[in-house]
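Asks: Let me begin by handing over the structure; questions about it come next.
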Amino acid sequence: MASTKIVLGAIFIASFYLSASLAFPPGHHEGAYPVGNGPVSGLSPDYYKFTCPQADEIVVSILKKAIAKEPRIGASLLRLLFHDCFVQGCDASVLLDDTEEVVSEKNAIPNKNSIRGFEVIDEIKAALEEACPHTVSCADTIALAARGSTVLSGGPYWELPLGRRDSKTANMKLANKYLPPPNATLHRLIKFFQRQGLDKVDLVALSGSHTIGKARCVSFKQRLYNQHRDNRPDITLEKSFYHTLALACPHTGGDNNIRSLDFVSPSKFDNSYYKLIMEGRGLLNSDEVLWTGKDPEIAGLVKSYAENEPLFFEHYVNSITKMGNINPLMGHNGEIRKNCRRVNQEI
Ligand code: HEM
Ligand SMILES: *[C@@H]1O[C@H](CO)[C@@H](O)[C@H](O)[C@H]1NC(C)=O
């Protein structure tokens, strides 16, 4: 009996690794290999069912404390998943610090003085190592933290495929190249997402992440004073909104002052982001152009999400699952880092 089970188990595990290694040939490539949704990704929501069944509980309990202390941290952790997955895939490359071998992505332009939440990831990872040593990857830790933060902020829950492994490299150049800037045109935003295997629906739904969190003045100042290199504001900015922004963000200085991306409900994950951009009160250019960019499909989605929050949540769940499945390291590729900030020491 017992030995039959073991044999069956071994066959199951062997076939799992075989299919995983076929789906993901060895080696870590530059750029992203979109793998889309569902079982083809090779990741599984049950990945830690036997090896760390309490993983999600541990993550959520630490998130609860962190969000109670500072509501914005949920937004910062959600953003980490985006900045991880768009650069070499969801492999925790974003967490690596500078060393002799590693040029950290933290110093790339979109990340520097901007991306945050590393201390909370460290705390979660330490608790996971304590409960289940050398088991849960840093890449999965980011994904679990992003899902938990979304749910704790009032957003939707999704079945989260797990089993990503951690990279031994980071790529600052790719972070500069593949993370979209806030002043991008709609045409460019579509291209940035296409490169990752993400479509227009994904672009509009995932931009809805800006229903929580904050941005620095430097990220939207061009809209206030020099939108088209003509020393004039962006005419699509609603007038009174423009005046409050200009007060917070003067022409010179104040670059690190911060404003909420969704000033109506800055720490609640809801669909007010879409209502705001329809009123000319989106904070970033990349937000506003979803409505003003003259793409009927995209503007139509904005309107649908503004009118129908359940539809937004449904599409969001689908799109963030796709994003979370971009080019994971599996099988014998990568490693399970002990400390998310550095690759394991070879002994
Ligand atoms: C569509 C292209 C996108 C652009 C151009 C963009 C750009 C930005 C910028 C410039 C900021 C503020 C950074 C700062 O001023 O320090 C920001 C914040 C944020 N972004 Fe995005 N983003 C995009 C898509 C996404 C996606 C896909 C997600 C998540 C799935 C996301 C999640 C967030 C969150 C939650 C914040 C607030 C972070 C905090 O308060 O710490 N963004 N984004
Ligand atoms: C966006 O901002 C960067 C940096 O300030 C600037 O070089 C670039 O020309 C801007 N792009 C557009 C489309 O305005």
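Note: Cβ is positioned from N, Cα and C throughout, glycine not excepted.
From a predicted model like this one, the values you see are computed outputs, not experimental measurements.
Okay, these came from TrEMBL:
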- 1-23: signal peptide (SIGNAL)
- 42-344: domain 'Plant heme peroxidase family profile' (DOMAIN)
- His83: active site, proton acceptor (ACT_SITE)
- Thr211, Asp262, Asp270: Ca(2+) 2 binding site (BINDING)
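Where in this structure would I find these features, and how exposed are they?
Replies: Sequence-distant neighbours of His83 (active site, proton acceptor) (same chain, 6+ residues apart, CB-CB distance under 8 A): Val94, Glu105, Pro110, Asn111, Ile115, Ala175, Leu179.
Other Cβ atoms within 10 Å of the Cβ of Asp262 (Ca(2+) 2 binding site) number 28 in total over all chains. According to DSSP, Asp262 (Ca(2+) 2 binding site) is assigned to coil rather than to any helix or strand.
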Asks: According to DSSP, does Asp270 (Ca(2+) 2 binding site) fall in a helix, a strand, or coil?
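Replies: Assignment for Asp270 (Ca(2+) 2 binding site) reads coil.
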Asks: Run through the Cβ atoms and count how many others sit within 10 Å of the one on Thr211 (Ca(2+) 2 binding site).
Replies: 28
Asks: Measuring CB to CB from Asp270 (Ca(2+) 2 binding site), give everything in the same chain under 8 Å that is also at least six residues away in sequence.
Replies: Gly154, Gly155, Thr211, Glu309
Asks: Do you know the mean pLDDT across the domain 'Plant heme peroxidase family profile' (42-344)?
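Replies: Mean per-residue confidence for the domain 'Plant heme peroxidase family profile' (42-344): 98 out of 100.
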